[in-house]
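What TrEMBL records for this protein:
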ACT_SITE  Cys322  active site, proton donor
DOMAIN    19-259  domain 'Orn/DAP/Arg decarboxylase 2 N-terminal'
MOD_RES   Lys43  N6-(pyridoxal phosphate)lysine
Amino acid sequence: MVSDGIPTPAFVINERKLEANIASFNGALRGIWSNAQLAYSVKTNSLPWILRKMSQEGVWAEVVSDEEYALALQCGYDDSRIIFNGPIKGESFIKKAFRGGAVVNLDSRADLDLCARFAECDSMVGLRVNVPTDLFDAGDIGVFDGGFRFGFDCPSGGFSDALEAIAPALRRGARIGLHLHCNSVTRSESVYRTIAKYAVAVMERFEIAPAFIDIGGGFFGGVEGKPTPESYLSAIHEELACCVDPASTMLFLEPGSALIGSTTDLVTSVLDVKCVGDASIVTTDGSRLHIDPLWKKNAYLYSLGTSSVAICPKQVVCGYTCMDHDRIMTIADRPALQVGDRIIYHRVGAYSMTLGGMFIRYLPDVYVDGPSGVVKVRDTISVEDYIAINSTGDLNHRR
């Protein structure tokens, strides 16, 4: 196995799978909506190697903070291949974005004011639309009391107010677009069909001919038996085609997990095994901090590296932290794990290696399995690195 011999814990990215996921989306776009562009959701996994790879593959960067914008620039992007989202844009970066030709999707009152002041002729200016949650199946979105928190709301007049606020920019020649990202639990095609339908309703009600439509992210990708890029794009196209021309209206997709999620494993080792009650407590050098930093999951796609033939009825796999609830999963009727055995978690590339914090132990190694073999692209954070990150000035100086 690729993971054999790699010190643990470590993430391993399969470069070929990543390229296949990108090619799958690009192939669907070419066949269904040729005037389109992928933009990688940087927050999903902001590892610099991934950003550089995305840039090399022609995938734009979708960022939601000044820091992510600066990171994208450092990793090979220029402004014209960045989509700037989120409600916390700083004035200096939004000015840079407009001047450099980035797509800027507005999502706050401050954004509107800055757009009115700084957007230029041909600036790509998107208004994020708040899509009413009652349009979706409750099971698809998990239901939010009071609706989604992002975007400008049409029923309350927020969207029309936003249009009025950016009128000075539009008179200068800025090009308007719509941004409609919505969170989804099921990631089903019906979610995107609903989003596209609502985009049509907004265009018709406000008589907008958008230069672009940004449908957001949240897709499946690289997972057998789940919706494919073609099925998503077909649903979107069927709803939008009545109102826009794919040849003249650009479509943006912002996948994150769909590109990187299925490509990555976390390789861990068993450190200790002991019996407590009716269960075997298996302590490992991995943690929920690595693969479940929001502490929501209780099951994973995994494989075991063990020579054990004895079967254990109940094993509780735990992380290295001193937190009792750092229980990664419970497995039943599997080989009895022993010290030195390995547990490999699959499809853990999203919201993992750059989201988990440095609690008790620090960020682990990251490797890429590519054409040249297995190459390390991030070293484990050292104590010296940790001190440098969390200190300023002379550590020996005391007042």
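Glycine is no exception: its Cβ is also placed from the backbone N, Cα and C atoms.
Unlike curated entries, TrEMBL annotations are predicted automatically.
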Under DSSP, is Cys322 (active site, proton donor) helix, strand or coil?
coil
Model confidence over the domain 'Orn/DAP/Arg decarboxylase 2 N-terminal' (19-259), as mean pLDDT, sits at 96
Whole-number Å value for how far Cys322 (active site, proton donor) lies from the residue listed as 'N6-(pyridoxal phosphate)lysine' (Cα to Cα):
28
